[in-house]
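Visitor: Input: one structure, supplied below.
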Amino acid sequence: MLVCIPEILSKHEVTEFRRLMDQADWEDGRSTAGAQSAMVKRNEQLPPDSELARMLGRRIVSALTANPKFVSAAVPLQIFPPLFNRYAASGNHHFGIHVDNAVRGDPLTGLRIRTDLSVTLFLAEPDEYDGGELVVEDTYGSHEVKLPAGDCVLYPSSSLHMVTPVTRGARVASFFWLQSMIRDAHARSMIYDLDGAIQALVERLGRDDPETVKLTGIYHNLIRYWADV
């Protein structure tokens, strides 16, 4: 399941993020890559332990957890501290086909998570750069994603994916992973679809409608059955 969510950050917030990031020192992005990923990764990254990266990451997590669509799609248990990368045409930056590590650990906090979902939050407008599409492969084929600044995309961390070479400008983004309460991707997809149907019924019939109440009960009982907390 690939889900795009608009306006996690406002345009004003994106501008503020970019102003701060443009003043920062960047390092080789391979510093946080696994052995296989490091062979195909060419980009720059804010130092994960920098005060700026941590501060901006906290703001992103706060915005995400306040977004109903994100919570519905991810059912998050633990969110890894967001990281920040930059793909510049001047560096021939790209990230070849790879799969994310199954487990990620944060040396600063000791947090360890199973990576169920990967998230990219775009911090550059599509017209600021050429190339730089996120390409995610699944059983239905390849999906290219290039969203407006402030929007994010969620996709299963088990997916093969890549970032195509940037040929003009710079692609700036935040990327991170999360562990969901719902381990199974198919179950998580059904929960998301069911929640969407319930919200549509609430708009049409009201929250107190008997059928809405019944379906809401089914939703929570499925969460109870599947959730790891």
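From the backbone N, Cα and C atoms, a Cβ is placed for every residue, glycine too.
Swiss-Prot lists H98, D100, H161 with the feature Fe cation binding site. The 2-oxoglutarate binding site feature in Swiss-Prot is assigned to R171. The feature domain 'Fe2OG dioxygenase' is assigned by Swiss-Prot to 78-180.
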Visitor: Of all the binding-site residues given, H98, D100, H161, which has the fewest Cβ neighbours within 10 Å once its own Cβ is left out?
Guide: H98
Visitor: Give the residue counts of the domain 'Fe2OG dioxygenase' (78-180) per reduced DSSP state, in the order helix, strand, coil.
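Guide: Helix, strand, coil within the domain 'Fe2OG dioxygenase' (78-180): 6 helix, 62 strand, 35 coil.
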Visitor: Round to a whole number and give the Cα-to-Cα distance in Å for the pair H98 (Fe cation binding site) and R171 (2-oxoglutarate binding site).
Guide: 19
Visitor: Below 8 Å Cβ to Cβ and six or more residues apart, same chain only. Which residues does that give for the residue listed as '2-oxoglutarate binding site'?
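Guide: Same-chain residues close to the residue listed as '2-oxoglutarate binding site' (Cβ under 8 Å, separated by 6 or more) are R86, Y87, H93, A124, E128, Y129, G131, G132, V163.
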